[in-house]
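Novice: What TrEMBL lists as disulfide bond is CYS35-CYS74, CYS149-CYS185, CYS316-CYS353. According to TrEMBL, the feature domain 'Lysosome-associated membrane glycoprotein 2-like luminal' maps to 212-289, 294-342. The region 'Disordered' feature in TrEMBL is assigned to 180-210. Residues or ranges marked as signal peptide by TrEMBL: 1-23. The transmembrane segment annotation in TrEMBL covers 360-383.
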Amino acid sequence: MKVLESLGPLLVACLGILGCTQAVTLEVKERNSTCIKAELSALLFITYTTFNSTSNVSTSLPDSTSVDAASSSCGAAGRPPWLVAVFGSGHALGLSFATNGSFYSVTNLTLQYNLSDTSLFPQSNGSGVVTVVSSSVGIWAPINTTYRCASPTTIRAGGAAVTFSAMRLEAYMPGNDLSPAESVCTADQTTTTAPPTTTTTAAPAPTPPGTPETGVFSVTNSSGTVCLLAKMGLQLNVSYVSQSQNKTVQELVNVNPNLTVTSGSCGGTTASLVLTQQTTTLNFTFSMHCFPVSPFSASNTSLDYLRSTLGRSYMCNTEQTLLVVPAFSLNTFRLQVQPFGVTASQFAAAEECQLDQDQMLIPIIVGAALAGLVLIILIAYLIGRKRSHAGYQTI
């Protein structure tokens, strides 16, 4: 088997909704009639205890997610309607519904995760299935309409959080497909009725908060060996529409490494680094294979940054901007990263980015130009001196 000699794309997922997520379609049927249908992307963020401390993991619903027919229900025999999606090694995500005849709503979100899945929960000191429930979901719509919310919506349950995005959902369906009439969530309603003279204008660029502090981050495998190393300063660049100010606001936020929780995982061809600071999560996924996927919202899984030869680290001391989507970019400072082939918890020899190489060339070019100028002046001086001597003759 031929080993690829270069690192593939760095997949960056960003502020508030982060992760490499894909859309899935889920349907609950009874007698060949669909009663619940959902099209959505979901990122799961779970805190769990390890043998030494606590750790965080983020994962998304995979393409292989399916509806559990035994647990799902259209609401017959006194049972509330349930949509239960199962994925991975014993994990499940469930939504229960209720109606008052005019509106339907999600009454509960239930998340079950299996701590015995060591690929997702390395070094967990627990085992078996953990169940967490949230009854504060906030998803509702009139009967015979589709609930639509492209914006990220985070629901917290116990030590976990589920962030939905690109969601279209309907329960108590009159037909087998989503109703054409839609009820749009508040987050997608970016503007309200405004006076005719008011226009949305872009705000000036914010005053930079200064260069962010450099942090050293590492991920260990199941045996406790460091398998991913990263050293960098990070700065978030976010643009959004402020409804109160009726204009586009841009903010720069430095990531404080002293307040950041590090987690992640390492595999044969992929590795991830998850940085969490309060409600902000950055998920970097590195791969030795290119598998572009269409981006959504403020996530992008088809980026191609920080390329380096397998067995070496990537270094870029110069500030660089990694554009994720037009409304979000990530500024890096004094960066060095190695997601594969880490030995003795040390970086391997570094391959420098083009920006660093260009900065090294500038003084060389300037020096060569100055040397050339001095040489030209010296030659001109010598020629002028020789001509002045030629103007005198011996008597």
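Quick reminder: no glycine exception, Cβ is built from N, Cα and C everywhere.
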Novice: List every residue in the same chain as CYS149 (disulfide bond), at least 6 positions away in sequence, whose Cβ is under 8 Å from its Cβ.
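Specialist: Listed in sequence order: ILE139, PHE164, SER165, MET167, VAL184, CYS185, ALA187, ASP188.
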Novice: Have a look around CYS185 (disulfide bond) and count the other CB atoms within 10 A of its CB, chains all included.
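Specialist: There are 19 such Cβ atoms around CYS185 (disulfide bond).
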Novice: What same-chain residues, at least 6 away in sequence, bring their CB to under 8 Å of the CB of CYS353 (disulfide bond)?
Specialist: TYR314, MET315, CYS316, THR318, GLN320
Novice: Do you know the DSSP helix, strand and coil residue counts for the domain 'Lysosome-associated membrane glycoprotein 2-like luminal' (212-289)?
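Specialist: Going by DSSP assignments, the domain 'Lysosome-associated membrane glycoprotein 2-like luminal' (212-289) contains 3 helix, 53 strand, 22 coil.
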Novice: What's the number of neighbouring CB atoms sitting within 10 A of the CB on CYS74 (disulfide bond)?
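Specialist: Taking all protein chains shown, CYS74 (disulfide bond) has 21 Cβ neighbours within 10 Å.
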Novice: Compile a sequence-ordered list of residues in the same chain as CYS35 (disulfide bond), six or more apart from it, whose Cβ lies below 8 A from its Cβ; state 'none' when nothing qualifies.
Specialist: VAL28, LYS29, CYS74, GLY75, PRO81, ALA171, TYR172, MET173
